[in-house]
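In what follows, a single structure is set out as structure tokens and then discussed.
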Amino acid sequence: VASGYGPPSSHPSSRVVNGEDAVPYSWPWQVSLQYEKNGSFHHTCGGSLIAPDWVVTAGHCISSSLTYQVALGDYNLAVKEGPEQVIPINSGDLFVHPLWNRLCVACGNDIALIKLSRSAQLGDAVQLASLPPAGDILPNETPCYITGWGRLYTNGPLPDKLQRALLPVVDYEHCSKWNWWGSTVKKTMVCAGGDIRSGCNGDSGGPLNCPTDDGGWQVHGVTSFVSSFGCNTQRKPTVFTRVSAFIDWIEETIASH
């Protein structure tokens, strides 16, 4: 899986709930997963482009009864800006992790792969995400960014422009404490954020982007769930599927299709 580098200008300032508009095209592996309803397509989840014809998203984003397309190189979903690529998805090309159970989000395995019906054209606005090595665990407080078109606050509106928010990693030792997520969080997950900024509905499936030593970014998480008490509840960080726990499954799935 190729490595993803945003342009240097994409490193966000230190200042998605209580996030801010992203710099346009600064997260060029971010995709919008859209489903068809009454003849038009609607944003439902995020995702990350990990090969020219493969996207990783969350298992809970996929319903076998729906028709999907993926929009790449998008910034403002409401406006045609030029670099967008919209690629249809064939129904047989949705690969949800075999152990995903939508009745048990806390059981983990909330990850899916989507094969595009044609390869994306890579360029400034569309690039491949870099994935971490298998088993890689981020230290506490690693300054990662969630990106997505999720609700701006609990039950709030969906934004048109891609949002980003700084979510420091909360390590498993802290996140699994009884008054945090307790046993709901598993070692195959990553927690990030706290109470002020968080993921929200619509960010699901999108990336947790974490800095690398050489100035690039790696997608360490696939946005999975937030607290039912609200998107920015204290001691309930946003929870992500830990990508480094699923590298083997990702590579095997791509190789066999």
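Just so you know, glycine gets a Cβ as well, placed from its N, Cα and C.
Bond annotation: of Cys104, Cys144, only Cys104 is listed by Swiss-Prot as forming a disulfide with Cys107. The cysteine that Swiss-Prot pairs with Cys45 in a disulfide, picked from Cys61, Cys144, is Cys61.
Looking at Cys191, Cys200, the record from Swiss-Prot puts Cys231 in a disulfide bond with Cys200. For the disulfide-bonded residues shown (Cys107, Cys191, Cys210), fewest C-beta neighbours within 10 angstroms: Cys107. Ser204 (active site, charge relay system) sits 17 Å from Cys210 (disulfide bond), taking the CA atoms of both as reference points. Across the structure, Asn38 (N-linked glycosylation site) and Cys45 (disulfide bond) place their CA atoms 18 angstrom apart. Inclusion criterion for the recorded positions Cys104, Cys107, Asp110, Cys144, Cys200, Cys210: a C-alpha placed within 10 angstroms of the C-alpha of Cys61 (disulfide bond); this criterion is met by Asp110. According to DSSP, Cys144 (disulfide bond) is assigned to a strand segment. There are 11 other Cβ atoms within 10 Å of the Cβ belonging to Cys104 (disulfide bond).
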